[in-house]
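> Take a look at this one; I'll ask things after.
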């Protein structure tokens, strides 16, 4: 996915506006000032001035992109355009006005869908399939294709996965056991595992993701987070996907400390389930717009893998422990991850390339998550003592 080839006509027709620099006059001409377009400082410019600006610089614009911009002028029946929309458009900033321009441009140019274009190489097809499997609207898919440069690559999910595999192999060699490592008497002695007696060591609420119950546990988690997490990160970026993943991980261990207080926690299922549940919920909510092939089959496979992994975790939790009186790891972390996925995760995936700070639902879910974290922290400080709970001895 190295060098990004020039997009076809359908993509160009729906690409973002050229940057403002491409519309600037020649070096000897005076640069256009805001008062040239809005002399009365009303916050609006006339569609006539907008058209004349485009026509005077038509030779510097791709004809398909010029059509999209002209469609914006045609869509305003009141004869004026909000100046801020104009600035956003010319400065390559995504906005609702740009969305409307894309829609108008689609109608006028009768653009084909991305996957219907011919002569695509492997890199182009991969990017297009990622867009179709993660974004519900053709507008967003075309925007993503034109703006994606594979820089930076999806490093977060790949790095986390490599670290999890590396720690598993190290522990496998150290314990001389790869299947059901959690049954080994020295397994819980690792300083990364969350143990209820050692909950004061706060890093354990996060680092437990690098310890897995066995190769069967690691395998399902790695498959899910690579097949789902990497494409999501390619579209939404490492910051957003990392936020959902880490939030799921922390919520998972905190949920165990509240609901299954005597059990340890291992595995990355909290983060994996947050991503997968958010993705599946996004597909269900936008079912008619999701054009990915075999979407029903993909959902079925994801649900089967999640069910198998969750069933394994439930069985292991209630299986007689190999090191009594400490039980086997809890399965409640999975449920904490799902809760994060269908709240914070859905908002993150739904608002592609939009400012989350402007979304009221985002702030509601952030507030709910913050309240839960604070409650769990105080619960860990006071509840264990007040309930006079008998905890298993430290490993």
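Using the three backbone atoms N, Cα and C, a Cβ is placed for every residue, glycine included.
Pulled these from TrEMBL:
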{"type": "ACT_SITE", "residues": "269", "note": "active site, nucleophile"}
{"type": "ACT_SITE", "residues": "334", "note": "active site"}
{"type": "COMPBIAS", "residues": "22-33", "note": "compositional bias 'Basic and acidic residues'"}
{"type": "DOMAIN", "residues": "200-350", "note": "domain 'Peptidase S54 rhomboid'"}
{"type": "REGION", "residues": "22-42", "note": "region 'Disordered'"}
{"type": "TRANSMEM", "residues": "205-230", "note": "transmembrane segment"}
{"type": "TRANSMEM", "residues": "242-259", "note": "transmembrane segment"}
{"type": "TRANSMEM", "residues": "265-284", "note": "transmembrane segment"}
{"type": "TRANSMEM", "residues": "296-318", "note": "transmembrane segment"}
{"type": "TRANSMEM", "residues": "330-349", "note": "transmembrane segment"}
{"type": "TRANSMEM", "residues": "361-387", "note": "transmembrane segment"}
> At an 8 Å Cβ cut-off, counting only pairs 6 or more apart in sequence, do the transmembrane segment (330-349) and the transmembrane segment (205-230) clear the bar of 3 or more pairs?
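In this chain the transmembrane segment (330-349) does not contact the transmembrane segment (205-230) - fewer than 3 Cβ pairs sit under 8 Å.
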> Among the active-site residues listed here, 269, 334, which has the most company in the form of other Cβ atoms within 10 Å of its Cβ?
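In terms of Cβ crowding, the pick is 269.
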> Mark yes when the transmembrane segment (205-230) and the transmembrane segment (265-284) have three or more Cβ pairs under 8 Å (sequence separation 6 or more) and no when they do not.
yes
> Cβ under 8 Å to the transmembrane segment (205-230), counting only same-chain residues 6 or more beyond its ends: which ones?
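Long-range Cβ neighbours of the transmembrane segment (205-230): 154, 157-158, 160-161, 163-165, 167-168, 171-172, 178-182, 187, 190-194, 199, 241, 245-246, 249-250, 253-254, 257, 264-272, 275-276, 279, 302, 305-306, 308-309, 312-313, 316, 328-329.
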> Residues sitting near the transmembrane segment (242-259): Cβ under 8 Å, six or more positions beyond its termini, same chain?
156-157, 160, 194, 196, 199, 204-206, 208-209, 229, 265, 268-275, 278, 330, 332-337, 339-341, 344-345, 348, 369, 372-373, 375-377, 379-380, 383
> Could you give the Cα-Cα distance between the residue listed as 'active site, nucleophile' and residue 334 (active site), in whole Å?
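Here the two Cα atoms are 6 Å apart.
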> Considering every residue in the domain 'Peptidase S54 rhomboid' (200-350), what is the mean pLDDT value?
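Taking every residue in the domain 'Peptidase S54 rhomboid' (200-350) and averaging pLDDT yields 90.
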